[in-house]
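What follows is a short report on a single structure.
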Amino acid sequence: MVRQARVLAQATSDLVNAMRSDAEAEVDVDNSKKLLAAAKLLADATARMVEAAKGAAAYPENEDQQQRLREAAEGLRVATNAAAQNAIKKKLVNRLEIAAKQAAAAATQTIAAAQNAAASNKNTVSHQQLVHSCKAVADSIPQLVQGMRSSQAQPEELGAQLVLIMASQSFLQPGSKMVTSAKSAVPTVADQAAAMQLGQCAKNLATCLAELRTATQKAHEACGPLEIDSALKTVQTLKSELQDAKMSVIDGQLKPLPGETLERCAQDLGSTSKAVGSSMAQLLTCAAQGNEHYTGVAARETAQALRTLAQAARGVAASTKEPQAAAAMLDSAQCVMEGSAMLIHEAHQALVHPGDAESQQRLAQVAKAVSHSLNNCVNCLPGQKDVDMALRSIGEASKKLLVDILPPCSKTFQEAQTDLNHTAAELNHSAGEVVHSSRGTSSQLAAASGKFSQDFDEFLDAGIEMAGHTQEDQIQVIGNLKNISMASSKLLLAAKSLSVDPGAANAKNLLAVAARAVTESINQLITLCTQQAAGQKECDNALRELEAVRGLLDNPNEPVNELSYFRLFFVHVSLPQVLGESMAGISQHCKTGDVVAFGESVGVASKALCGLTEAAGQASYLVGVSDPNSQSGHEGLVDPIQFARAHQAIQMACQNLVDPASSPSQVLSAATIVAKHTSALCNACRLASSKTSNPVARRQFVQSAKEVANTTANLVKTIKALDGDFSEENRNRCRIATTPLLEAVENLSTFANNPEFASIPAQISNEGSAAQEPIVRSARSMLDSSTYLLETARSLVLNPKDPPTWSILAGHSRTVSDSIKSLITSIRDKAPGQRECDYSIDNINKCIRDIEQASLAAVGQTLPCRDDISMEALQEQLTSSVQEIGHLIDPVSTAARGEAAQLGHKVTQLASYFDPLIVASVGLASKLQDHQQQMTILDQTKTLSESALQMLYAAKEGGGNPKASHTHDAISEAAQLMKEAVDDIMVTLNEAASEVGMVGGMVESILDEGTPPEPEGSFVDYQTTMVKFSKAIAITAQEMMTKSVTCPEELGGLASQVTVDYGQLAHQGRLAAATAEPEEVGFQIRTRVQELGHGCIYLVQKAGALQLSPTDSFSKRELIECARAVTEKVSLVLSALQAGNKGTQACITAASAVSGIIADLDTTIMFASAGTLNPENEESFADHRESILKTAKALVEDTKLLVAGAASSQEKLAHAAQSSAKTITQLTEVVKLGATSMGSEDPETQVVLINAVRDVAKALAELIGATKCAAGKPADDPSMYQLKSAAKVMVTNVTSLLKTVKAVEDEATRGTRALEATIECIKQELTVFQSKDVPDKSTTPEEFIRMTKGITIATAKAVAAGNSAQQEDVIATANLSRKAISDMLTTCKQAAHHPEVGEELRSRALQYGSECTNGYINLLEQVLQVLQKPTLEQKQQLAIHSKHVAACVTELVQTAEAMKGSECVDPEDPTVIAETELLGAAASIEAAAKKLEQLKPRANWILVLLLACNAPPPPFSIPLPVLPVIVSSTFCLFDMKDCIFRLPQF
């Protein structure tokens, strides 16, 4: 740190001098003053840093001084950024310009390659996706290029720089999608040259996008704070442009631009108005939360949406023939711009004064004004005025219902009834016309809405006339008329909304529901008022209902409801039975003249027919969407259809709640609906908050869910009171409580309408529409014949003696029955995915036959070699095919379990990659010279194909039916087998590629960001894993530096390891960034991990280049530089993680330090056991006893602080972790000195003492880990209980150490104390063994059997020690028992969790391991009893316990033998012993060598050993912890030479 501080001080001194020189040469006085002021700040920060560095140099062990130096360095960094801000900004913008230019060029090349490959692409789905993504990128390239040129032309203009940043950010998403689409399409392109070109262009584009992403982030950091000002300036400019357009209207000079039409511009304006409202809602949220970064982003998005709105408003005005209407449109748009400018200004003020209530209130008021202006702007659209006039007309007419006394009747009852029926029919017909015209032109909607308002006025007059004749039910009649008025208004509003934005989610269905509501309201009034002949009004009502649902069958390209396909099939099976019974009832009751029953049967039949029609509409939609040629939709963050339906349902339920005519059952039903939909909204918000990476959106969703939940709770309280007493006061309270709920739901719906959150709807192809036709045709036939049947029954009930009419009724009944049968058959035959599954199964069966033929040819050495393509190209094709198959496993599995509409798409897509897979696999095998490699590739390809075939059979059986749970296990198992097959073949390909220096696949893996995962753990969990993989990358990079000189051919494997480690790091990094608080830390983690990824790419590329030319010194130098850069970037990642949670990072560091201490103690125990731990001077244990006791007590205090730190701040936790690590270091040192002072004459006592402190260190490591996991968790979290348990173990072990220290010099008790400590240690080891944690590595059964022998020896030793009752024998037994049991438990768990060990054997091994350990604990406790009371009976118990241990060992050995299976190896075989020892020694020497490579020179004392081996002196020294490994391994080799040369084969 001090050395780097000196370097930093010199660099900043040079910068200060340069700034002063520039200031003296500057002509502008203001700029000169700014430079001098910045230089002064920088000089002051440098001086503070130098002082802190001096303090750290004087006291290198003082952590406070180190912390001061860190803080001073951070202050200097901030000052340097401030001083060099303009230069840094200029450099970053320049880098962004270059990156944008390269990205635009790479995208253009990729589009050209995609067009070239289109002719030979055999997969329609991948081709459509590629075309769609290319179109989106082609639309974005001009904006990117224009932004780049504007920035280059105006380098000092902030606005131009922000335009470039916006264009770059907008380009990233479509660019990434195009890369994904291009990679998916490469395997399915038949033309090899076109496929290679497309693949290479996609890789180049991915690299350019990665650079563009990094450059954009850094440029945004430098220029981002000024986004709000830029957005405000943009809005003001738009306002001026609209004013100029208005002047052109007055002069008659405003003309539409090319391509602008009235209808198109009107739709653009309508859809953009929603985007403006949503972006403004996000702007309000960001400003209220005080988040400057996301407020700037929201302001920018608002400005962009307003730009589109202004263009659309100008287009509408230019296309409008009436100057007044054009001027009104531009005026309203100007009002929107003016209000938006005020809103952005107030948002800026809210950021300046966070928490200011007055500022927040002004912000809300301005937002409401802007929303009103937006509505006015939309209302100026052609056709909208007429709808508004119709709405006003309905409102005015409805005032007639508010009078206290109705006007006198002017018609007879019969005339009034006839008039009401006639006007009802006209109004119902007009409602259908409104629905139809809303999809047409604005003039058609205007005419239909005018006609509807006129018919409504006539119907209302007829209804009031009829109310005058029904004195008894007059209040109910008036209530029904009010309901019709409300339903009519909703119909016009829904039609207006659909005409403005035809693509709005669920708009079509909302309109259909509104039309049906009008029909149902009319039917209720007719039923109440009219007194027709028997059964007439029921038939009329049914006919109106059937007419209302007929529109659901017109172009069913939207979901009608939320039912799945299999649920729909159940509906189509159950409802026909109800319909058949009601049809039979109609016929029967006509014959018997039972008019009441006839009417009931007609009503039941109508409901069944409407349900069947609705289900048929939904089924036809799902069939069309599931067709492979249709474009499947993509799920967004939220489902806007769900929000729209919930909003409408809650509105209707609240109206029913406050309706005076609602009965208690209706109130409870409405309350249930409210609770159901608000709960669904809250769950949707919770899921959205967990998925989004935008912290502002996350908080807003959580806050919205809270508001909805709280307002719902308040409403439920008032409903309970209303249910108890239906008084006017309670009803009024209920009415008041609905208002905040409706506002909360409205605000949530507005916020969720953000295009960023929206899903992409499915696009039904022509083939999909053709597949829909049988269902739609059958449903229409059903409706037509049902209509004729009801009309016939209507006349027949009046004249049941008419035989011809009965004949007609029977004919219509047969037609209805036939059409329903046809409908059910069509739905069953069109079940989504079944046909595609059959086609895909046939295709993969063919592929398996082809690969079998190739395997037979390879076995016979007759496989023809492909000469038309290189081996590298074949390997890339095979890799891309396998990767795409791997990406589709989970989507196919998910679709097969519950998404029938997606099943056909996914299985077709999956099967399409097997043809290129087989071609590439056979081609690659034909080029391999090694027969074994040939067979491996072909066998693994066949395995993958067979597992895919099993997956398809399971998927076909599941069919996407969530109720078919019996198939879900088979689907999951098949998916797992496929994943394993993909992993196997990818490992083989990567190994083959790394051997020859092909690194393209590795680079691609590093660039692949994958699907953002959903966080399931805490930041601490991800932080720990990231530290692990970061250090692994740094170690591998250092090893690559060494291997580049000594062994370049091994660089491929190391590069592959870097790729794997970075993939894990990037995955954990996305999770850590999503869970980090504050969000700046998450952004920093994400950025630095991406930078490390770029460094890893360069390192892997240089490794590949060096493998191809191992003697190239320039490549070696480049690789070393890249490795150093990777190491530096690893340190940046670690510092970003440390900034996230200082306390948990300190815990990780402390745990690593304690782990090193434990390894050092193991080394010391090895020296002590060998009798080589001698004191350096004449000293006794008494000289160290007090130091040990004092340090142990200090460690106890640190333990208390550590446990308390889990619930306190990160700073306190960090201090406690650092302090505990420091104290345990001191404790181990004084204990080692104490053990050394006892002399090597008593090695067993030395080992007892060192084991005691080792137990303390191990317990501390567990405690630090538990503290890290429990940090910031609530008191009732399970991790808190683990923390308490770890703290108890820690206190127990410290107490044991203190007792051991006191007993060491007492020869009469130290053996007993050692045995007690061993028993406690074994119990703790057994607890760890019985936990559910899976070990990091596995071991072989042979190793397991070897370790059980130590138990046998230790058991004999324990029995002997019990019989002799000598303290020396007891101490030796304690030390041996500790090691034997620990080794057995470790290898038992590792062997049991070997991948090839079954569940039954695993359970047996773990069971007998626990039984053996418990038996051994009982044996040691019996030895203790013998020591305390050495009677004959007690000694006889030793044999019983030893036999039990021996029996358990026998069971363990038998279990291990069963694990080996048929490959049985005798561990007593001298060959096996020699091989095991050789491998162990070689591994130990290799591990020691790796450690030596990372060490710096220091004093050396092992030269004697090396010289004895005739080895030259090494250029490095060997530290103490590594020596025992080398010494023991070397001696092991020396000792084994005699054994080796005695073997028969030697």
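Cβ coordinates are placed from backbone N, Cα and C, and glycine is handled just like the others.
Residues annotated as domain 'Talin-1/2 VBS2' in TrEMBL: 1-88. Sequence annotations record features per position, and here TrEMBL assigns domain 'Talin R4' to 95-219. What TrEMBL lists as domain 'Talin IBS2B' is 223-384, 638-755, 1311-1458. According to TrEMBL, the domain 'Talin 1-like rod-segment' annotation covers 390-530, 833-997, 1144-1308. Residues or ranges marked as domain 'Vinculin-binding site-containing' in TrEMBL: 1018-1142.
Of the Cβ pairs linking the domain 'Talin IBS2B' (223-384) with the domain 'Talin 1-like rod-segment' (390-530) and spaced 6 or more residues apart, 3 or more are under 8 Å, so the two regions touch. Counting Cβ pairs closer than 8 Å and at least 6 residues apart in sequence, the domain 'Talin 1-like rod-segment' (833-997) and the domain 'Talin R4' (95-219) reach three or more and so form a contact.
With pairs at least 6 apart in sequence, the domain 'Vinculin-binding site-containing' (1018-1142) and the domain 'Talin R4' (95-219) have 3 or more Cβ pairs within the 8 Å limit; the two touch. According to DSSP, the secondary structure content of the domain 'Vinculin-binding site-containing' (1018-1142) in residues is 115 helix, 0 strand, 10 coil. Summarised by DSSP class, the composition of the domain 'Talin IBS2B' (1311-1458) is 127 helix, 0 strand, 21 coil. Mean model confidence of the domain 'Talin IBS2B' (223-384) amounts to 81 (pLDDT, 0 to 100 scale).
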